[in-house]
Amino acid sequence: MATEESGGLAQTAAVKLSEMGERTKQLGNAIQDPERQRRIILVIVCVALLLDNMLYMVIVPIVPDYLAHLESESEQAHVKGNSSINITQNENFDLQIGVLFASKAILQLLVNPLTGTFIDRVGYDIPLLIGLSIMFVSTCIFAFAENYATLFMARSLQGLGSAFADTSGIAMIADKYAEESERSRALGIALAFISFGSLAAPPFGGVLYEFAGKRFPFIALACVCLADGILCLTVLKPFSSRTRENMPVGTPIYKLMIDPYIAVVAGALTTCNIPLAFLEPTIANWMEETMNASQWQIGITWLPAFFPHILGVYLTVKLAAKYPHLQWFYGALGMVIIGASSCIVPACKNFEQLIIPLCGVCFGIALVDTALLPTLAFLVDVRHVSVYGSVYAIADISYCVAYALGPIVAGKIVHDLGFVQLNLGMGLANVLYAPALLLLRNVSLMKPSHSERNMLLEEGATGLYDTIRMEERQRKKHGYSSSGNCVPIDENGTFAGQSKSFSEEETSEPEYI
């Protein structure tokens with residue numbers, strides 16, 4: 001009897017394992033479906049961007065109060081009864097907070113040119129996994145840090161992780177969604193996650209810090225980051241057999257930087273984000289001084305702006321699908337809205353009035369970002385090689401310039417010139433830059449480059465000479481010609497016996513730029 005029962009249990013277990021194996025196989029096949037895989041990749045990238053921006057902003061209500069608590073005892077003993085020293089200590093503390101907040105963007109700004117080139121060489125999946133791993137470590141350090149130096153290290157490490165994860169994630173979306181309307185929609189979804197992470201993180205961090213302590217918000221984010229990394233490792237399989245050698249060589253980042261169209265887009269991305277980057281560290285003190293705002297009002301200042309940001313993304317995606325040739329106009333309109341809203345901010349007398357221009361700023365940023373990020377990919381497609389790591393590293397650099405300067409420079413400007421002058425200057429800069437986007441008005445009419453390299457790699461051979469040329473390139477490293485007769489070729493890829501060689505410029509079709 002016991003033998004029969006054990007045999008039945010073994011048979012049942014075998015059936016269960018077989019069913020589980022079959023389901024796992026079906027799941028694997030479903031994941032390998034190209035359309036499903038694109039959606040999963042979009043989810044992975046969006047979660048990575050959400051985490052990065054939540055970690056960027058979640059420290060706003062936590063770190064200043066936590067550092068003040070750590071330093072209060074030593075400062076109390078040192079400055080008791082000495083107001084001049086107390087003022088100096090407060091100024092130094094504000095500077096420390098500003099440098100801590102800016103350190104992430106500064107390191108990200110410095111590393112991005114290198115990560116862009118690295119992404120172009122190895123692909124998008126490995127850098128994304130590297131970025132998620134670094135962000136996980138950074139978040140754990142934040143959770144257990146107990147002094148300024150450790151917090152500074154964690155913040156800087158986050159910048160390194162962001163340089164990998166943000167750039168590779170956006171570039172991967174541009175690569176997977178090659179059709180313009182799909183690309184615009186996918187990048188719009190990514191921007192919505194970025195916005196939600198930035199605007200929802202301060203109240204998320206503030207509430208959890210108040211009721212669960214400093215560690216819990218960071219541990220929660222670290223768990224989500226770990227899950228996203230495991231999903232990336234499972235779905236993308238970044239360390240499986242590589243095929244990068246079959247892909248085109250990306251355009252060097254310095255060449256992309258001097259492209260006038262890409263430079264105009266990069267300048268617009270920097271300029272439109274300056275109001276947000278400069279207002280975030282300064283608006284709380286201004287609200288306390290001018291409208292006696294309560295702490296809960298300061299905490300949710302930017303939360304209502306999430307909804308117009310989503311509206312701006314949605315409208316731009318819909319309009320771009322219907323009128324793709326007006327992308328430059330959507331960006332210019334967004335910059336004008338940002339400029340007007342920035343100028344209105346100092347005129348607000350209460351919290352309810354302030355919500356309106358802040359919503360205008362975020363609505364305008366949504367228009368600019370959603371219109372111009374797909375434009376960068378299109379410019380690379382038609383003017384360079386369709387590899388997107390370096391061009392989105394330039395976009396990330398543009399954002400980092402604004403957010404590196406904001407926490408350090410904004411407070412100094414307010415102190416020396418005033419809050420009104422800061423907002424008028426930011427508004428004027430956006431309005432004056434908007435006409436520069438007229439340079440992009442004919443971008444939609446550009447034709448893809450038909451240089452020899454693009455033609456051979458992307459379109460295949462179109463004639464006898466092109467066929468021979470392509471075969472020569474494929475066998476060049478072996479030292480043989482395409483005919484298989486072991487005829488040596490020289491270092492330029494031409495037959496050694498030829499008296500005349502041709503350069504790429506002489507043999508390629510003209511580029512339409």
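Each Cβ is built from the backbone N, Cα and C atoms, and glycine gets one as well.
Scan Swiss-Prot for N-linked glycosylation site across N86, N492 and the hit is N86.
Going by Swiss-Prot, the topological domain containing L208 carries a different name from the one containing L379, and the two residues are therefore on opposite sides of the membrane. Here the candidates are N82, N442, and Swiss-Prot annotates N82 as N-linked glycosylation site.
Residues 44-45, 48, 51-52, 55, 59, 70, 115, 118-119, 153-155, 157-158, 160-169, 172, 214-215, 218-219, 221-222, 225-226, 228-229, 232-233, 236, 238-239, 389 of the same chain lie 6+ residues outside the transmembrane segment (126-146) yet bring a C-beta within less than 8 angstroms of a C-beta in it. The list of residues near the transmembrane segment (391-411) in space but at least 6 beyond its ends in sequence, with Cβ under 8 angstroms from a Cβ of it, reads 94, 97-99, 101-102, 104-106, 108-109, 112-113, 115-117, 119, 162-163, 166-167, 170-171, 174, 253, 256-257, 262, 265-267, 269-270, 273-274, 276-282, 373, 376-377, 379-380, 384, 422. Between the transmembrane segment (216-236) and the transmembrane segment (354-374), the number of CB pairs under 8 angstroms, six or more residues apart, is fewer than three, so the stretches are not in contact. Non-local neighbourhood of N292 (N-linked glycosylation site): empty, since no residue in the same chain at least six residues away has a C-beta under 8 Å from its C-beta. Remark: the transmembrane segment (354-374) makes no contact with the transmembrane segment (40-60), by the rule of 3 or more CB pairs under 8 A. When each of 99-119, 297-317, 419-439 is checked for Cβ pairs under 8 Å to the transmembrane segment (157-174), 99-119 comes out on top. Counting Cβ pairs under 8 Å to the transmembrane segment (258-278), the stretch among 40-60, 99-119, 297-317, 328-348, 419-439 with the most such contacts is 419-439.
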